[in-house]
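Positions annotated as active site, nucleophile by TrEMBL: 109. The active site, proton donor annotation in TrEMBL covers 183. Residues annotated as domain 'UCH catalytic' in TrEMBL: 9-243. The annotation site 'Transition state stabilizer' is assigned in TrEMBL to 103. Positions annotated as site 'Important for enzyme activity' by TrEMBL: 198.
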């Protein structure tokens, strides 16, 4: 299973773009994927055009999730290892209501990110009666992060839906052995705390308090930290799940 590596504009403060197979069609294809998974378009992904207040003001509110696409670099991998060791040593508070799953399928980070975004906002979503994602979430709610990952490996409905959506986006799925150095994570608000959900990590990352009103700005502050760790990199992009 794969997910699209593509995106629209992003500013720091000048416009930055992702050089991927479906440049500029990430929002369109992701929303088509949601529709095929049986989610009513009350909530839709939209481009985040930049980090400045005037550009963030263009994003429809409320926002309940942000997906960040970024490059996996040596600097990032060093930080990720140090972050994991630090949290294991000091601990962190993670609410039991946070839905988190590991990634065991190569190149499936976009699909995992989308599941994280919807699962942690399922009370806001209007699912169709026969929604394959609704059934997946209901079936996996009591599972561990590792069990959810294994369940996704065998969950044919989401795999078929993804492949159909990717085909409509005119992408070619990479080989399971192909090295992909772009990665998706989800940022969500659960119980007034901002969590980073990344299936490559052993647990969610609690980035502190947030609110429905400040969530987008708080999530963008987290995105800025990713960009500051790799100042030479231009391959960053974000989309927001907003009320339609």
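Placement of Cβ uses the backbone N, Cα and C atoms for every residue, glycine included.
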Other CB atoms, at most 10 A from the CB of residue 109 (active site, nucleophile): 25
Residue 198 (site 'Important for enzyme activity'), number of other Cβ atoms within 10 Å: 24
